[in-house]
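Student: My questions will all concern the structure given below.
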């Protein structure tokens, strides 16, 4: 319950305040009560994980509006008007890069091309590596 939780709608807010919920218990399963200061509404809880880095490209409109619109563990990611369902990044960060010389080979595109908890790291070469945790 609070104004800065993920999934709370951005302003501007209506001039007429409304309280559709007072706590998370009043929302259906998978939702929580979002307090924007003037408007309390039940919004879908975001799925765990982070959105992957999204390559710029042509925008063909929104496919999803929130994580609940996406199948399985996929998340609704992207800028407004270009939102799509993506598999989330795995936790952790890529280790510092050592100098790579030689052939540029792409072994993975995203984290879910990698086994276990390994992440897809680097740009050239791009390969699966064990993550670092801060």
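The chain as shown is numbered from 1 upward.
Cβ coordinates are placed from backbone N, Cα and C, and glycine is handled just like the others.
Swiss-Prot feature annotations, pasted as is:
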{"type": "DOMAIN", "residues": "2-45", "note": "domain 'WAP 1'"}
{"type": "DISULFID", "residues": "8-34", "note": "disulfide bond"}
{"type": "DISULFID", "residues": "17-38", "note": "disulfide bond"}
{"type": "DISULFID", "residues": "21-33", "note": "disulfide bond"}
{"type": "DISULFID", "residues": "27-42", "note": "disulfide bond"}
{"type": "DOMAIN", "residues": "46-89", "note": "domain 'WAP 2'"}
{"type": "DISULFID", "residues": "51-77", "note": "disulfide bond"}
{"type": "DISULFID", "residues": "59-82", "note": "disulfide bond"}
{"type": "DISULFID", "residues": "64-76", "note": "disulfide bond"}
{"type": "DISULFID", "residues": "70-85", "note": "disulfide bond"}
{"type": "DOMAIN", "residues": "90-132", "note": "domain 'WAP 3'"}
{"type": "DISULFID", "residues": "94-121", "note": "disulfide bond"}
{"type": "DISULFID", "residues": "104-124", "note": "disulfide bond"}
{"type": "DISULFID", "residues": "108-120", "note": "disulfide bond"}
{"type": "DISULFID", "residues": "114-128", "note": "disulfide bond"}
Student: Based on Cα distances to residue 108 (disulfide bond), point out the closest of the disulfide-bonded residues 34, 38, 59.
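Tutor: In terms of Cα distance, residue 108 (disulfide bond) lies closest to 59.
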Student: Just to verify: the residue among 17, 27, 42 with the fewest other Cβ atoms within 10 Å, which of the disulfide-bonded residues is it?
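Tutor: Checked 17, 27, 42; of these disulfide-bonded residues, fewest Cβ neighbours within 10 Å: 17.
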Student: Around the C-beta of residue 124 (disulfide bond), how many further C-beta atoms are within 10 angstroms, looking at every protein chain?
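Tutor: The answer is 10.
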Student: Quick one: average pLDDT across the domain 'WAP 1' (2-45), no decimals.
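Tutor: On average, pLDDT over the domain 'WAP 1' (2-45) sits at 77.
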Student: Where's the emptiest Cβ shell within 10 Å among the disulfide-bonded residues 94, 114?
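Tutor: Taking 94, 114 as the disulfide-bonded residues, the minimal 10 Å Cβ count falls on 94.
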Student: Quick check for you: of the disulfide-bonded residues 59, 77, 104, which have their Cα within 10 Å of the Cα of residue 85 (disulfide bond)?
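Tutor: So the list reads 77.
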Student: What are the helix, strand and coil residue counts for the domain 'WAP 3' (90-132) according to DSSP?
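Tutor: Summed by class, the stretch gives 3 helix, 10 strand, 30 coil.
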Student: Find, for the listed disulfide-bonded residues 77, 85, 104, 128, the residue with the lowest Cβ contact count at a 10 Å cut-off, counting only other Cβ atoms.
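Tutor: Selected from the disulfide-bonded residues 77, 85, 104, 128 on minimum Cβ neighbours within 10 Å: 104.
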Student: For the domain 'WAP 2' (46-89), DSSP counts of helix, strand and coil?
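Tutor: Tallying H, G and I as helix, E and B as strand, the rest coil: 3 helix, 8 strand, 33 coil.
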Student: So which disulfide-bonded residues are near residue 51 (disulfide bond), with CA atoms within 10 Å, out of 27, 59, 76, 104?
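Tutor: Of everything listed, what lies within 10 Å of residue 51 (disulfide bond) (Cα to Cα) is 76.
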Student: Which residue, of the disulfide-bonded residues 59, 70, 76, 121, has its CB surrounded by the fewest other CB atoms within 10 A?
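Tutor: Ranked by other Cβ atoms within 10 Å, the disulfide-bonded residues 59, 70, 76, 121 bottom out at 59.
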Student: Please identify, among the disulfide-bonded residues 34, 38, 59, 114, 128, the one with the smallest Cα-Cα distance to residue 104 (disulfide bond).
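Tutor: Nearest in space to residue 104 (disulfide bond), counting only the disulfide-bonded residues, is 128.
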Student: From the disulfide-bonded residues 17, 64, 77, 114, 128, pick the residue whose C-alpha lies nearest to the C-alpha of residue 121 (disulfide bond).
Tutor: 128
